[in-house]
Amino acid sequence: MAGLLYVAADIYGQKVNLQVDGVKVPTLPELYQTIQQLFSNECYVLRPPGTTQQQFSIEKVQIYSDEGKETGQPVGWKDLVSSSQLKPRAQLYVFQSDPTVEESQQKISRHLSRKPSLQVAPASATVSRSVSAAQRISTPPSSGAAYAGTSSLTPTSRNYGGDYYPSSLPSPVTGGNTARMNNDVVLGSEVSPIRFRSAATGAIAASSLTPRSYRSKITTSSSVDVAVTSRTPSTSTFNSPLPVVQHSVLSSGRTLSHSSATSKPALLQDSKPSLTTKHPGEHAAPAEKHRYLYHLITSKYGTREVELDHLRTFLEDHHFGMASTIALADLFARCDADGNGKLNSPELSALFTMLPTLMDSLYFRLLDADDYAQLVAQLHREQHQLDAILTSQSSLASQVEQFRRDLDVQSTTMSRLADASEETLLQLSEQKDSIHLMEQECERLRHEKDACTDDAKRQSALIDQTKAAHADTKRKAEQAEAFARQSQLKLTSCEDRVKELQRMLARVQEECAEQFQFVESSTRDAANLRQQEADFAQREKELLQGLSVRRDRAQELDVHVQRRRQQATEHRDAVQRLERELQEHSAHKIAEEHKLQRIHQSEQEVNQQLSRVAGTIESQEDKLRALEEKIQQFNERRMAMEQKERPLLEQELMLRSHRDALDQQEQRLKREVGSLFYGITE
């Protein structure tokens with residue numbers, strides 16, 4: 001997205017600054033074309049009187065770059081060679097190839113060592129020619145500062161005289177939306193229209209107004225200078241005719257054309273006389289009427305006396321067909337007492353006295369000119385008021401469209417928040433399930449650890465019992481061995497005694513046999529005890545090994561339990577974080593719902609305003625129709641009165657000619673009678 005751009009150029013010795021808001025990054029040809037178009041218009045607007053038209057041609061464009069500031073590279077103005085250099089709020093300056101502006105551009109280029117400083121100004125999109133404290137570029141590039149727009153850029157502010165005024169508000173109309181009708185100019189483009197505001201001309205070109213079938217275009221004939229109604233006093237015996245005004249109702253898509261704020265509307269062009277004298281009134285005396293007409297004719301042609309051509313032109317402008325008749329020239333010559341071809345006020349009064357019907361008709365036409373002009377002006381005001389209402393309606397429609405876009409954005413945001421909330425709830429549920437599984441596994445491991453601990457205790461008790469039994473068996477084996485040694489000694493002594501005491505052989509043999517059996521059983525018992533001792537030792541060794549394994553397993557289970565507890569703690573923290581995020585999403589969702597509700601309310605208010613504006617438009621349409629019908633009636637009455645007045649005027653001229661002929665014949669007869677009487681007397 002191109003964003004906000006600032007461009008400046010030097011035109012007729014003063015810097016012209018523009019501020020443009022774009023919807024996409026333009027290409028260099030588009031940028032150059034639009035810059036040349038905009039500044040060519042400014043050259044036409046700002047051309048001082050008496051100077052030749054300056055053709056705005058681009059030599060190069062420079063852009064202020066501060067990308068190398070962080071890396072330590074030099075910053076400053078660089079040539080614009082690619083559209084990738086255009087960033088939001090970029091500052092551009094346009095160099096012209098016209099040699100007439102080189103001097104001022106060189107003066108500006110002396111300040112290239114300082115970076116342009118931007119000061120924040122109040123949000124404004126209007127044009128200013130005066131120096132203010134608004135946001136400006138205090139140090140322009142090497143040939144001035146200006147703002148350029150392309151077919152995808154919309155100029156929103158401009159300034160003249162070397163000060164920079166960027167607006168903090170975006171353009172209200174871009175991309176073909178309804179343009180503002182108050183001194184705005186809309187320039188067409190193949191890509192998208194460019195709307196800018198001209199402070200020099202205030203011209204209006206509204207290409208996006210809604211066409212209305214009821215609006216009419218009233219054009220006046222080129223020969224008509226004064227359009228009047230018929231307002232005849234009760235003392236007059238005739239109706240004043242009106243010049244014909246063409247009236248056509250447009251039936252499809254055509255509206256009143258607006259050329260510029262300085263030009264007159266089509267309805268009033270060449271139709272209102274520049275009256276500088278107040279009307280004497282409907283019941284004025286003939287002398288006052290004569291003075292008024294004399295002053296009006298002389299004021300129109302800038303002379304102090306009335307010539308025949310002036311009188312004829314004046315009558316032709318008011319649709320009097322007898323202006324070129326010979327009778328009028330004869331009457332003019334008769335009233336010209338000094339014979340200089342001009343009539344002063346008394347002489348013109350004498351001429352009007354000879355033609356009373358012509359004088360009354362002309363006088364009352366001029367008398368009704370003000371009323372007709374007021375009616376036309378009222379129609380024009382009503383049309384402009386309707387244009388303003390239509391502009392307001394277009395603005396409200398734009399607001400409704402903006403509200404709808406905001407509603408779409410809010411709906412998308414609400415959907416995204418709902419999806420995020422569902423995803424967070426799903427993650428929270430998964431985390432809770434994972435924590436539950438971990439708790440179950442920790443409980444199982446704890447039971448397993450307790451079982452291993454109990455088994456180890458039992459193994460230890462069994463080892464203790466085995467050790468005690470082994471000690472008892474060992475003690476018994478030692479006692480048996482001692483008894484066996486004693487028995488062996490007794491057997492040896494018995495054998496000695498057998499040898500010595502043969503007499504006691506029988507009795508001792510029995511005792512020896514008994515002792516021998518007892519020794520053998522004791523030996524066997526000792527061997528059995530030794531075997532039991534070995535078995536006990538082996539069992540003790542196995543128990544010790546199992547105890548070591550159980551202890552290692554218990555340690556592993558303890559470490560695993562600690563790890564699981566730590567994971568459970570982390571999952572609990574994650575659950576708390578997800579719950580906080582869920583609460584934040586809920587709060588954000590509630591805020592978005594309130595915002596959506598406010599947007600709905602605003603849309604309803606704007607719709608109500610649109611309904612009221614539609615009612616106002618209907619009333620304005622009724623007023624315009626009434627005025628158009630009234631003007632149509634005036635036109636019909638005008639045509640009827642012209643038809644009635646024309647024979648009266650022709651009759652008056654004919655009677656005046658007959659009267660002049662009779663006067664001449666009377667004079668001739670008087671001269672003949674006088675000469676005859678003079679001859680008789682002689």
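One is the number of the first residue shown, and numbering goes on along the chain from there.
For all residues, glycine too, the Cβ spot is worked out from N, Cα and C.
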Pick from 133-152, 433-452, 513-532, 613-632: which range has region 'Disordered' per TrEMBL?
133-152
Stretch carrying coiled coil according to TrEMBL (options 36-63, 204-231, 428-455):
428-455
Within the domain 'EF-hand' (323-358), count helix residues (DSSP H, G, I), strand residues (E, B) and coil residues, in that order.
25 helix, 2 strand, 9 coil
Mean predicted confidence [pLDDT] for the domain 'EF-hand' (323-358):
79
